[in-house]
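Q: In case it helps, Swiss-Prot gives these features for our protein:
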type: SIGNAL; residues: 1-25; note: signal peptide
type: TOPO_DOM; residues: 26-39; note: topological domain 'Cytoplasmic'
type: TOPO_DOM; residues: 61-73; note: topological domain 'Periplasmic'
type: TOPO_DOM; residues: 95-104; note: topological domain 'Cytoplasmic'
type: TOPO_DOM; residues: 128-137; note: topological domain 'Periplasmic'
type: TOPO_DOM; residues: 159-162; note: topological domain 'Cytoplasmic'
type: TOPO_DOM; residues: 184-214; note: topological domain 'Periplasmic'
type: TOPO_DOM; residues: 236-251; note: topological domain 'Cytoplasmic'
type: TOPO_DOM; residues: 273-281; note: topological domain 'Periplasmic'
type: TOPO_DOM; residues: 326-346; note: topological domain 'Periplasmic'
type: TOPO_DOM; residues: 389-396; note: topological domain 'Periplasmic'
type: TRANSMEM; residues: 40-60; note: transmembrane segment
type: TRANSMEM; residues: 74-94; note: transmembrane segment
type: TRANSMEM; residues: 105-127; note: transmembrane segment
type: TRANSMEM; residues: 138-158; note: transmembrane segment
type: TRANSMEM; residues: 163-183; note: transmembrane segment
type: TRANSMEM; residues: 215-235; note: transmembrane segment
type: TRANSMEM; residues: 252-272; note: transmembrane segment
type: TRANSMEM; residues: 282-302; note: transmembrane segment
type: TRANSMEM; residues: 305-325; note: transmembrane segment
type: TRANSMEM; residues: 347-367; note: transmembrane segment
type: TRANSMEM; residues: 368-388; note: transmembrane segment
Amino acid sequence: MLPKLILLATLYISQFIPTTFFIQALPVFMRQQKMSLDVIGFLGLLILPSGLKFLWSPFIDRYRLGKLGHYRGWIICFQLLLISTMLVTAFIDIQDNLNAFLTCMFLASLFSSSQDIATDALAVNLLEPQERGLGNAIQSGGNIFGAIIGGGVMLILLDKIGWRYSLITLSIFMLINLVPILIYREKSQHQLENSTFFRSYFQPFISFLSRPKALPWLFVVLLYMMGDSVTSLMIRPLLVDRGLSLPDIGWILGIVSYSARIVSALIAGLVIVKLGRIKSLIIFGFIADLTTLLYIIPAIGVSSLLVLYTVCIIVNATQSMAYTALLSAMMDKCEKNTAATDYTMQVSVMFLGGIAATVLSGMLATTMGYSFIFIMSAAVSLLSVFLITQEYGVSS
């Protein structure tokens, strides 16, 4: 079990670092440059590959890259492309070549989200059903540790050693993290039957959507983490408006808050085994949505570091528990032979909901204020908890 968890942890750390770095560092930088909230909200569109990756997941399910293994081969390929993109980005001057920078950021998101398809599929096949609670806690923890590096440590490094050397350091770390998958030997999986392109491409989607309660479940996935998506983006310009420095924001949101996410994800993994998926989704989701409202405290003008640390730790910890429960439930919806497509389609729906919510929240924050968007995002996510109780029942 331990080797499996170490492998998955390194994979999820590596793929989450660059996207987190761009999405978390850039809003802070843009707000410091006095850019408007509606413009910052549109940053969500740059992670569009995460919302559309289900479109190419059937190819990753069906095809393999020579002798590298099936999902292992795709992971190695996309990880090397990701590292190469980061190294190129290191030598781009953001102010003089903003378009080139945004292009590289989009490519990094594309390669990272594509690697995520193969990694999730590998995890589905690697973990037994009874291992998935802890396995998804490791996934959440790996993502969060990647976020600590990409969104916390990197903000501090940017302030100390500058853009170029920060990204070179990041690329070296990601290269080292590639070692476990290079030495891993993937077991051969049952191959899908040969068929026409049309049938082979659409069959996994049709199969998933034809399962009982598939559409209501996807609607739950669409709404469940919207509160997290909105607050994760908008709390950054809010803290800039409260006068916090780049290192301060890096420590609060990138290191301390995400450390709380790791601990709470591991706790959630153990609790999920005891409570089951549905009860965990309801309880963790309800608590997370209520604590989201704590962000109203800095929104109304409170700038005490002690208060901000406390609020951010509580919100991030509870949102992480809800996220872990959702990942576990999503994995249960997957078939082994179409693991990449089944899981990725659910993740894509979740990301599309988050992208739409962040873009809309940026526009609303400009006119209605931060407090309004925090209340609305919590209300929308609470709707998904209500839907779970209606479709599956609290006693499930």
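Glycine too: its Cβ is placed from the backbone N, Cα and C atoms.
Given the structure is predicted, the values throughout are model-derived calculations rather than measurements.
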Q: Run through the topological domain 'Periplasmic' (128-137) and tell me, per DSSP, how many residues are helix, strand and coil.
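A: Its residues fall into 9 helix, 0 strand, 1 coil.
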Q: Short question: which residues 6 or more past the ends of the transmembrane segment (215-235) have a Cβ under 8 Å from it?
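A: Result: 23-24, 27, 37, 40-41, 43-44, 209, 253, 281, 285, 288-289, 292, 295, 298, 312, 315, 319, 322-323, 326, 330, 333, 345-346, 349-350, 352-355, 357-358, 361-362, 365, 370, 373-374, 377-378, 380-381, 383-385, 387-388, 391.
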Q: So, by DSSP, how many helix, strand and coil residues make up the topological domain 'Periplasmic' (61-73)?
A: 8 helix, 0 strand, 5 coil
Q: Do you know the mean pLDDT across the topological domain 'Periplasmic' (61-73)?
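A: The average pLDDT of the model in the topological domain 'Periplasmic' (61-73) works out to 82.
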Q: Would the transmembrane segment (305-325) count as touching the transmembrane segment (138-158), if touching means at least three Cβ pairs under 8 Å and pairs must be 6 or more apart in sequence?
A: yes
Q: Counting a contact as 3 or more Cβ pairs under 8 Å, with residues at least 6 apart in sequence, do the transmembrane segment (163-183) and the transmembrane segment (74-94) touch?
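A: Counting Cβ pairs under 8 Å (6 or more apart in sequence), the transmembrane segment (163-183) reaches the transmembrane segment (74-94), since there are 3 or more.
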Q: Are the transmembrane segment (40-60) and the transmembrane segment (347-367) close, by which I mean at least 3 Cβ pairs under 8 Å that are 6+ residues apart in sequence?
A: yes
